[in-house]
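Student: From Swiss-Prot, for reference:
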DISULFID  6-21  disulfide bond
DISULFID  13-26  disulfide bond
DISULFID  20-33  disulfide bond
């Protein structure tokens, strides 16, 4: 489902076709998804 098509916490997020999973956000200067 849509929930699985996302980047888990700790994944690189810049230049990816997916967005960070729910309750995470892309920290651009660290280039990774972090929990919010």
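Cβ coordinates are placed from backbone N, Cα and C, and glycine is handled just like the others.
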Student: Please compare the disulfide-bonded residues 13, 26 by how many other CB atoms fall within 10 Å of each one's CB, and tell me which has the fewest.
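Tutor: Comparing Cβ neighbour counts within 10 Å for the disulfide-bonded residues 13, 26 gives 26.
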Student: Work out how many Å separate residue 21 (disulfide bond) and residue 13 (disulfide bond) at their Cα atoms, rounded off.
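Tutor: About 10 Å separate the Cα atoms of these two residues.
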Student: Cα-Cα, whole number of Å: residue 33 (disulfide bond) versus residue 26 (disulfide bond)?
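Tutor: Cα to Cα, residue 33 (disulfide bond) and residue 26 (disulfide bond) are separated by 4 Å.
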Student: Using C-alpha atoms, which one of the disulfide-bonded residues 13, 20, 26 comes nearest to residue 6 (disulfide bond)?
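Tutor: That would be 20, the closest of 13, 20, 26 to residue 6 (disulfide bond).
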Student: Pop the Cα-Cα gap between residue 20 (disulfide bond) and residue 13 (disulfide bond) into the table, whole Å please.
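Tutor: Counting only the Cα atoms, the answer is 7 Å.
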Student: Which state, by DSSP, holds residue 13 (disulfide bond): helix, strand or coil?
Tutor: coil
Student: Restricting to the chain of residue 20 (disulfide bond) and a gap of 6 or more, list residues whose Cβ falls under 8 Å of its Cβ, or answer none.
Tutor: 6, 7, 9, 11, 13, 26, 33
Student: Across all chains shown, how many C-beta atoms besides its own are within 10 angstroms of the C-beta of residue 33 (disulfide bond)?
Tutor: 24
